[in-house]
Every structure is written in C-alpha cells, then in structure tokens.
Amino acid sequence: MSPLKIHGPIRIRSMQTGITKWKEGSFEIVEKENKVSLVVHYNTGGIPRIFQLSHNIKNVVLRPSGAKQSRLMLTLQDNSFLSIDKVPSKDAEEMRLFLDAVHQNRLHAAMKPSQGSGSFGAILGSRTSQKETNRQLSYSDNQASSKRGSLETKDDIPFRKVLGNPGRGSIKTATGSGITVTRTIPSLTSASTPLRSGLLENRTEKRKRMLSSGSELNEDYPKENDSSSNNKAMTDPSRKYLTSSREKQLSLKQSEENRTSGLLPLQSSSFYGSRTGSKDYSSGSTNLDRTNVSGQTPSAKRSLGFLPQPAPLSVKKLRCNQDYTGWNKPRVPLSSHQQQQLQGFSNLGNTCYMNAILQSLFSLQSFANDLLKQGIPWKKIPLNALIRRFAHLLVKKDICNSETKKDLLKKVKNAISATAERFSGYMQNDAHEFLSQCLDQLKEDMEKLNKTWKTEPVPGEENSPDISATRVYTCPVITNLEFEVQHSIICKACGEIIPKREQFNDLSIDLPRRKKPLPPRSIQDSLDLFFRAEELEYSCEKCGGKCALVRHKFNRLPRILILHLKRYSFNVTLSLNNKIGQQVIIPRYLTLSSHCTENTKPPFTLGWSAHMAISRPLKASQMVNSCITSPSTPSKNFTFKSKSSLALCLDSDSEDELKRSVALSQRLCEMSGCEQQQDDLEKDSKPCRIEPDKSELENSGFDGMSEEELLAAVLEMSKREASPTLSHEDDDKPTSSPDTGFAEDDIQEMPENQDPVETEKPKTVTEPDPASFTEITKDCDENKENKTPEGSQGEVDWLQQYDMEREREEQELQQALAQSLQEQEAWEQKEDDDLKRATELSLQEFNNSFLDSLGSDEDSGNEDVLDMEYTEAEAEELKRNAETGNLPHSYRLISVVSHIGSTSSSGHYISDVYDIKKQAWFTYNDLEVSKIQEASVQSDRDRSGYIFFYMHKEIFDELLETEKNSQALSMEVGKTTRQAL
C-alpha cells in the first residue's frame with residue numbers, strides 16, 4: 001500500500017495532554033502487520049506521535065477551509081481529537097475516503113478498486129475470521145483495561161498483536177465467530193464495489209450529510225461508549241433488555257439516515273458491532289442487529305472465559321512497546337512543552353532588571369544543579385527566605401502557568417525587598433545592584449542553613465568516636481561564582497611584599513579609552529586593564545618608603561566569571577549618571593592566563609559539588625580548627641559535643657563566656673520557676689518555688705571545678721532545663737513557619753548579655769504538647785509585665801485581668817493594622833508619584849542630553865586608563881583565542897544582560913542566554929522569548945551589553961558533552977521504540 005501523507009497546521013486534543021496549539025506538520029498513514037496507524041510529524045522535529053486507526057476511529061469530518069482547501073477532523077474512540085487545516089481539497093478528500101474505509105472495515109476495498117467483488121470476497125473471507133476474533137478479544141479486553149486506567153490512543157498496536165495470536169485461544173472462538181462471518185460476508189461482498197463508486201460519485205452529498213449529522217453523533221457517543229454497561233449486558237442475562245433497547249434506538253436512527261441520504265452512513269455503533277461481525281445495513285438490518293446481539297452472548301462469554309490470564313501479560317507488553325516519553329503517564333506534547341520552556345517572566349512594574357538577572361542565573365546549569373540536587377532540607381528554611389523562593393521559581397518556571405509564575409516572582413521580589421528596601425517599590429533599579437544583593441543574600445541563607453541544621457548521625461558510623469556527624473551543604477554562589485584575588489603590595493624601596501586576599505562574586509571593569517585611530521576595544525582589554533599593575537602611595541613599615549606597586553592575580557578561579565562593564569559616568573552639571581554608549585567587542589572566549597600564577601587554584605569540579613551533596617561527616621579536630629580560624633563571630637559556629645572539644649574551642653574571653661552562661665542559666669531557672677508557679681496556681685498554692693533550682697546550683701560542686709569544667713556544667717544544665725521552654729518559644733513566634741529550621745530571629749531578639757550558642761543547638765529533646773505550654777508561658781509573661789503580687793489576688797480576679805489585657809492587646813493590634821494599611825496606601829501613592837516624576841525627568845534628560853550621549857560614544861572619558869599595550873604576537877594570539885579558546889584558563893560567553901536606552905535613569909533590560917540543553921541562544925525580553933544567533937548577540941549588544949557571564953571552558957565542555965550523550969541516548973531509545981512499533 002502506498003502511504004497517504006498530507007501537510008498543514010495540526011492540533012491535537014486528548015485527555016492526557018489537553019489541547020495543543022496549531023503546529024505545522026503532516027499526517028502519514030502507515031500499514032504494518034495488518035494494522036493501520038496515523039503518524040503525526042512536526043516540522044520542528046522531535047519524536048513523532050503514533051495513533052492506532054484500526055477499530056479505533058469514531059468519526060471523520062471534512063469541512064471547507066478557504067479556497068480549494070479543507071480541514072480534516074478525526075475523532076478516536078477515546079475522544080481524542082486530531083485536526084489538520086489548510087489541506088488541498090483533493091488530498092483531504094482522499095484521506096477522508098481512506099479513513100472512512102478503515103472506519104467501516106473496507107480498507108482493502110478502498111485501496112484496491114481494480115479487484116472484482118469475487119476477489120475482494122476471497123480476501124475478506126480469509127482475513128475476516130481472524131479479524132472478528134481479534135475484535136471480540138480487543139473489545140472485551142478494552143473493557144478490562146479501562147478499569148486499570150490505561151486507555152491511551154497508541155496502546156492498541158501491541159495490545160491487539162498479543163491477543164490476536166492464534167495460539168492464545170482464537171481456535172476456541174472460531175466456531176462462534178465463523179457463524180457471524182458467514183452471515184455477514186454476502187452483504188459486504190455485494191456492496192463493496194458499488195459502494196466505492198458511490199463514494200467517488202457523491203462526495204459533495206456525503207460531506208453535507210456528515211456536517212449535518214456530526215453534532216448529533218457527538219451527542220450520542222458518550223452514552224454509547226459505556227464499557228461497563230455493555231459488559232454487564234453481555235455477561236448478565238437479566239440485563240439483556242437494556243442492550244436490546246439501546247440497539248433498537250441506534251438501528252432506528254440508522255434507518256432514518258439511510259432513507260434521507262441514500263448512502264452508507266457513519267455508524268456510531270460500529271465499535272460495538274465488531275463483536276458480532278460487520279452488520280448488514282440494509283432495510284432489514286433492525287431485526288438482524290437484535291438477533292445478533294442476543295445470539296452472540298454465548299460466544300462472548302466463551303471469549304471472556306480465557307481473557308483474565310493473558311490480559312496482564314498484554315498490558316506488560318504494551319508498556320514495553322510504548323513510546324518512551326511517558327509510559328501510562330499524562331505528559332505534555334513535545335510542541336507545547338517546548339513552548340512552555342520558551343516562556344519568560346512577567347513584568348510586575350519596572351522589574352525588567354530582575355527578570356533579566358534571574359534568567360541569566362537560571363541558565364547556569366551548574367548553579368541550578370548545586371541548588372536543587374544536593375538534598376537541601378527546604379522545610380527547615382523559612383518560607384520568606386530568598387533561597388527558598390529562588391529555588392521554587394527555578395523548579396516551577398518551565399511547568400507552571402503564567403499566573404503561578406507571576407506569583408512566584410512577587411515572592412522572590414518580596415524576599416529581596418525584606419532585606420534591601422530599595423527594591424520594594426516599582427521604581428527602576430540597576431541590574432548589577434540587584435545581582436549583587438541577590439548573590440549576597442543567597443550566601444547568607446546558606447550560611448544560616450549550615451549553621452542551624454541539626455546534626456544527624458551518618459548510617460553505619462554511629463559508633464565512631466572521632467566523627468561528628470555534621471551535614472555541610474554546598475553554597476551554589478561560592479562553588480560557581482565566587483573567586484579569590486590576591487593583591488600583592490610591593491615596596492619599591494626595599495621590595496617588601498604584603499599579600500592581601502579578597503573574595504569577589506563579580507568584577508566591575510572600566511571601559512577602555514578608545515582613540516579614533518585605534519579599532520574598537522574588547523572586554524578582554526577591559527579585563528586586562530583591571531589586573532594591570534598600578535602605583536600607589538604607601539608607607540612601608542620596614543624601610544619607611546612612600547611608594548609601592550600593587551599587582552593583582554587570581555588565587556582561585558570561578559566556574560562562571562561575571563563581568564560588570566561600567567557604562568555610566570557622573571555628570572556634575574546635571575548631577576546625574578550618563579550612560580556611555582561606547583562600542584566594546586564581545587569575544588566568545590576570554591583568557592585569564594596572564595593573570596594567574598602557578599599557585600592559582602582551578603575552579604571546583606562538577607564532581608566536587610556532587611560529593612558535597614552527600615552527608616559528609618567531619619572529624620572533631622576539623623570542626624575545632626574551623627571554629628578557631630573562623631574570622632567572624634567564632635562563637636556562633638561552635639558545635640559542642642564533649643568537654644574536650646569545649647576546652648579546645650575556648651578563646652581568651654573564657655571568663656566573659658562563663659559570666660554570660662551563668663546569667664543565661666539563672667534566667668532559664670526563672671522561666672522554669674514560672675512554669676512551676678502556674679502549676680501551683682491550679683492547686684491554690686501561690687508561691688513560685690525556685691528554691692530547688694537554686695539549691696541544685698549551690699550543691700553542684702562548682703567551687704572545686706576549673707573555669708572550663710564549670711562552663712561545661714552550666715551549659716549542660718541550661719540545655720537540660722530550657723529545652724522545652726525554648727522549643728515552645730520558637731513555635732509561638734508568629735513570624736516563624738512550622739516547617740522552619742532557622743533560629744536567626746530568636747538570636748536577634750535575645751539580649752546582648754546572653755550567649756547565642758544554646759539557641760542555635762538542634763532541638764534533640766522531644767517537644768511537649770504546645771497546647772499545654774501556651775497558657776503557662778502567657779501567664780508567666782503577663783505576671784512579669786504587670787508585676788502581679790503573689791498571693792494577693794484570687795485566681796478568678798487574676799484571670800479576669802488577663803482577659804481584659806488580652807482584649808486591650810487585640811484592640812491595639814486592630815488599630816495597628818488599620819494604621820499600617822493607611823501607611824501602605826500612602827506609600828503606594830508616593831511611589832506612583834515618584835514613578836511619574838521619574839518618567840517625566842527621564843524624558844527631559846533624554847531630550848536634553850541626547851547629543852551628549854552620542855558624543856560619549858566616541859570616548860569613555862577614562863583619561864588615566866587609556867588603553868592596553870600588547871605586542872603584535874600577543875594581540876594576534878588573543879584574537880585567535882577569542883574564537884577558539886585554546887589558551888589556558890579560557891572562559892566561554894554564555895549570557896549577556898543588556899541595557900537598552902540612552903540614559904541610566906530610563907531604559908529597559910533584556911537578557912541573552914545560551915541554553916546548553918538546546919545548544920542555542922535565546923533572548924528573554926520579560927515575557928517574550930525569541931531565538932537568536934550568537935553572532936547577533938556579539939554584534940547587537942556591543943553598545944548596550946552591561947553584565948557578561950563567562951563559563952570556564954573545561955566546565956562548559958563537560959556540561960555540553962554530558963548533555964549530548966544524554967540526548968543521544970534518548971534518541972536511541974526513541975528509535976528503538978519506533979522500530980518496535
């Protein structure tokens with residue numbers, strides 16, 4: 001059979017995937033092993049979709065669509081809907097005739113019209129008996145498989161192939177099905193040839209009939225396609241009258257259509273008629289249908305008798321041969337999935353700076369992997385923490401709808417605004433400032449997580465005495481973006497070298513001064529300008545010299561190097577920043593070889609990050625060393641496990657530590673006394689008994705202990721006594737989430753004379769019922785606040801006073817809320833006014849300084865910077881490396897954030913990113929996404945490029961190779977699957 005193929009826009013609707021968008025492609029008919037399938041190809045590529053047609057067509061409709069064009073609509077038995085538009089009418093008509101033939105089991109009569117009726121009858125006679133058996137088995141098994149929820153369009157191909165095996169029981173049904181075939185062959189044989197000619201002669205009339213009856217058929221299908229009711233009608237004799245009534249209604253409708261059209265109509269019951277053979281739609285078809293339904297019950301029962309055993313095997317076979325992209329799982333089609341991935345972020349109101357930075361950060365594959373794939377306990381992180389909002393948006397950005405994504409963007413903005421108020425409104429902001437704030441805040445959140453994450457023993461190492469099971473999570477900012485530069489100050493007089501190290505997340509580099517005779521300079525030149533040696537006034541402690549030379553070298557390289565190009569200069573006259581539109585060449589590769597030494601550390605490998613994702617135990621000696629060498633607030637990083645480790649971690653301020661610890665223990669004892677006081681109130685005993693705690697302190701033997709042992713004992717006692725109270729205080733705070741693991745809020749609210757070590761300890765004690773401590777804590781606090789004398793009032797008066805105070809607090813809270821709402825409205829109004837004024841000012845600046853900004857294109861104004869001087873060989877080598885990246889420590893361009901506009905106070909930010917998975921460049925302009933060539937990025941952003949992301953060449957090649965291997969494996973699996981189909 002020569003395959004039929006038509007081209008045009010395609011749309012598919014199914015229960016699993018929903019309705020796809022119109023996509024250019026083609027429908028192709030393929031016949032294999034007596035099974036007819038429809039293969040859908042898309043012009044954009046991807047794995048084709050295959051739909052079974054044999055015994056699976058429900059309706060075929062052809063409608064005109066323009067001049068000499070038609071739209072073909074195909075409905076399958078599971079209500080899947082396929083449409084192809086703008087098809088030439090002749091091709092569409094041929095396809096419709098073929099689908100009608102497949103629908104009515106006249107495939108070979110339609111495809112071989114040259115054969116006579118006798119020849120066709122012989123072919124049908126040899127094939128129908130097997131098909132009738134397959135139809136009975138397929139119909140019965142479809143009812144069973146529908147209960148397992150596996151009704152998919154493409155499932156019928158291997159399904160019928162297994163059940164159609166003669167060795168699986170077709171011999172048993174040969175007798176029952178043979179009777180039906182003998183009765184139905186004459187009508188089909190006699191009608192085959194004239195039916196073919198009739199279809200060719202009356203195309204227009206049949207199209208009109210199909211259009212008029214299409215809606216009526218669609219209304220009846222849901223009621224008719226009820227597998228449960230039909231199964232009961234066949235297996236339960238007491239329910240036969242339901243089937244007879246349904247068949248009678250269908251037959252009456254068919255007879256009426258025969259009288260009106262005079263042609264063979266589309267039979268809505270052909271799916272169910274398959275179990276009784278092909279029906280004779282003549283004038284006496286009504287009685288014949290009823291006798292067939294009632295007389296076929298025994299054979300149907302026999303076929304159902306052996307179905308339960310092979311049915312599970314057939315389902316298993318089905319899953320193996322199914323398209324690999326989703327076994328029995330609802331999935332998004334390739335076309336719509338690709339469209340979702342190419343969706344940007346909505347502009348919330350002058351938030352283009354945020355959208356551009358987020359798109360660039362999300363495109364860093366190693367950064368995203370370190371954030372999402374190391375098992376960070378997100379429930380231990382506060383809901384309003386930036387790292388949690390950031391990761392949530394990263395996970396959902398390609399799979400959620402636009403409204404959900406917009407809400408996630410607002411949460412990210414609010415998380416940053418909570419720390420940096422300048423981003424709280426809707427004013428225009430600088431993209432580099434937002435990037436710096438975002439990276440710093442992410443690092444702080446990771447530090448808090450590692451600091452407060454409670455220790456857990458590593459499986460199999462509980463008995464190791466020298467191991468403290470502390471989980472350390474990798475900070476994505478540190479492993480991917482942070483690098484270290486060593487500044488060496490060299491005295492010119494005596495040669496004394498003083499090294500100083502500094503960590504950076506990005507480099508802010510100056511524009512090189514461009515003189516007219518020279519060609520445009522590149523980012524490589526600006527980077528080399530940053531690292532060039534410079535002189536400065538410096539007083540040498542050794543010789544007293546006043547002049548020194550400073551050299552800058554990389555001490556540790558990053559995976560991704562972020563370069564911020566300073567495109568703004570301050571205008572003293574206008575007191576404004578002017579944008580410099582100077583042209584700067586954007587090379588594909590940068591090299592840092594001239595700024596590295598033999599001791600320069602390479603970037604963290606991808607394997608290193610993966611290993612850090614596992615729970616890695618640290619030895620106690622390593623923990624002590626980290627405590628001692630920590631440059632900032634070492635006391636907050638302590639994790640005490642034993643007296644020995646405590647003694648090692650003590651510093652010179654141990655006496656102050658001891659005083660603070662004793663004060664903390666006394667306060668905790670008082671809190672415990674308040675709890676005891678509440679218990680005594682319930683027993684009508686008023687005194688608050690804290691004497692036992694004091695006696696315990698006195699009898700603890702502190703006098704004979706050293707300071708170290710005394711501190712350890714006090715801390716241990718405080719931990720034992722205060723764990724329930726501190727646990728309740730954490731739960732009672734309204735700003736903390738139930739799934740929060742951070743204790744930073746508690747640390748900030750503690751008095752200065754308290755040691756924050758204890759609050760940062762993990763909660764190892766089982767927490768009591770919060771309800772049992774609510775009244776205790778409130779009563780205790782209320783007693784302290786109002787200074788209620790013990791025993792001076794009765795319990796009833798005290799509770800009444802407490803209720804009155806609580807009502808007063810509620811009223812004050814309502815007033816505070818109302819006032820805050822008014823202040824918020826006033827603030828929003830002020831922001832709107834500021835936005836209007838800023839817009840007017842930007843327009844004025846644009847009109848007044850347009851010529852000035854054009855003039856700034858000629859020269860950056862950096863008089864003292866001038867230009868880098870290279871030898872001819874060095875210049876040629878750098879030029880070659882810009883395209884090949886052959887020099888050591890080369891970095892590859894992967895993203896550019898550009899500012900479109902002539903002034904710094906107005907304009908728009910966009911982002912160009914390289915997608916490693918798609919191996920292509922895309923431009924993200926808020927919600928709009930478009931594909932772009934790398935050469936266009938380099939040429940179009942040479943005057944507007946603001947922030948540049950470069951990835952280390954070895955890291956880039958490794959990620960690219962991994963992605964290519966993954967895609968090759970997927971294509972191989974898809975090819976094997978298509979061959980099996």
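FYI, residue positions are counted from 1 along the chain as it appears here.
From the backbone N, Cα and C atoms, a Cβ is placed for every residue, glycine too.
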Candidate ranges 16-24, 160-168, 232-240, 520-528 [criterion: Swiss-Prot lists as motif 'D-box 3']: 160-168
Which range of 96-105, 356-365, 546-555 is motif 'D-box 2', per Swiss-Prot: 96-105
Range annotated as motif 'D-box 1' - as stated in Swiss-Prot, picked from 71-79, 116-124, 476-484, 953-961: 71-79
C-beta crowding around Cys352 (active site, nucleophile), within 10 angstroms: 24
